[in-house]
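According to Swiss-Prot, the protein has these features:
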| type | residues | note |
| --- | --- | --- |
| BINDING | 216-224, 352-357, D449, 461-464, K556 | ATP binding site |
| REGION | 284-352 | region 'SBD1' |
| REGION | 353-429 | region 'SBD2' |
Amino acid sequence: MDNYRRLHTPVALCVASPPAPPTTSWKSMEGLVQCSANHVPLSPITFLERSSKAYRDNTSLVYGSVRYTWAQTHHRCLKLASALTTHFGISPGDVVATFSYNIPEIYELHFAVPMAGGILCTLNARNDSAMVSTLLAHSEAKLIFVEPQLLETARAALDLLAQKDIKPPTLVLLTDSESFTSSSYDHYNHLLANGSDDFEIRRPKNECDPISINYTSGTTARPKAVVYSHRGAYLNSIATVLLHGMGTRSVYLWSVPMFHCNGWCFPWGAAAQGATNICIRKVSPKAIFDNIHLHKVTHFGAAPTVLNMIVNSPEGNLHTPLPHKVEVMTGGSPPPPKVIARMEEMGFQVNHIYGLTETHGPATNCVCKPEWDALQPEERYALKARQGLNHLAMEEMDVRDPVSMESVRADGTTIGEVMFRGNTVMSGYFKDLKATEEAFEGGWFRTGDLGVKHEDGYIQLKDRKKDVVISGGENVSTVEVETVLYSHEAVLEAAVVARPDKLWGETPCAFVTLKEGFDNGVSADQIIKFCRDRLPHYMAPKTVVFEELPKTSTGKIQKYILKEKAKAMGSLS
């Protein structure tokens, strides 16, 4: 596909000039060569190949009554890759889409598609038919694998494509159910039955070849197509499982959607370590606790909103203390210190990370220091809520002035833009060179997140650029206001956005969901007073709205929807 070939054409994206090459390099040292003996393109495909031998009979995946070993998973992926090429004619650079929740077939497609030379495009299972249609057209997918529960949405999406005279992708059902045997669609299990495990893997010729497309999560109205490389996926997979403390005996619960940042690269990372994957379609506190007890889950990932569900669930009282230590990797938005504290009281060990779709998921890690244990709980958990240091595979991270590109002072108060530079930054936005150039301007990836740098080098997010409330000329960090709101005993969830104001320009408007039992016992005035007692008055919300908060599939609150609601309220003054 010509669009993907262009990904390998050098483009001058960075304004800053690269450093001059050293006067002496390995190429000028006599007797050294680079050849196939010492240079092989990196690809996470190799993780599965190794695990099929090293951990042959170990359990690779469990889903209800379904259970596979690593040898079986490797066998199935080879047969599927074979069928993709022989049955559908998938060629290197072709896009294969998926539309499903976390089931075994989606895990297998993370290997089978790149084994066939294809590019995996995992679509958000909560998208409606219009969005699915738009993303299929944009990605130019040749195939789409769909689970039966989402078939009607997928059909409607394909119909929309046909109405626009766009050739729709071939639909493959992810089922072996007898009720679908008479359907006109290809079936996943039929492909497996007709595939060959003698298939010769189509390895990337260049480790920077695309392995997947991930559309941004939808906290903005127009998702972008982020392209991951084999190299970036390989490096971030290893770094993530190492920093999460995962090994051969680890049991990983799939609470992070695999359609989001390829599940933070854990499909490939779990294979690298030969860990066991536990798949679940629906995430709930009950499902998490049940699997911890049933399958001895040792690790899982979740957005702070899921942690908030856990600590406020009756299930927590029934199942804690936990029977063994469970490591939780959380990211997506700054977690309230109070939530981290309660999680650890229940027996979870919280590992706070921060990243974006554009950084293959995790890009930082809040490394906990032994001396923090001696601090008062409030101070200790505030430190753990920071975003921390650069991730193991991310070479550089900084907080910089977005205009001068100078590093801000490490004083914990000077605000700048969080920026990254490294091998796990995306290749770019597919079909959007302008956005790619803007994101990489100055030789760094600009996140759009505002933060500070502390004396110890740890960074801490203050807000998204677009979320800062400017009231009377003062910048109000919505994250700081939300942290105070979460400390109120009645508040389950909170989000702060700007409400237009004729006098002040903008004022903070808080959308709040109350805990069960507090529905009629707390007023907006009480919430406002609580905040004014703990914040400068200009930072305290002037408006409080009680309602359920809209979220993405990964649990991130959709502030753009709340902003529209606040805008519709008009001026408070």
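Glycine too: its Cβ is placed from the backbone N, Cα and C atoms.
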Structural state of D449 (ATP binding site), classified by DSSP into three states: strand
Surrounding CB atoms that lie within 10 Å of the CB of T216 (ATP binding site), all protein chains: 19
Integer mean pLDDT for the region 'SBD2' (353-429): 95
Count of other CB atoms lying within 10 Å of the CB belonging to G355 (ATP binding site): 24
Other C-beta atoms that fall within 10 angstroms of the C-beta of H352 (ATP binding site): 23
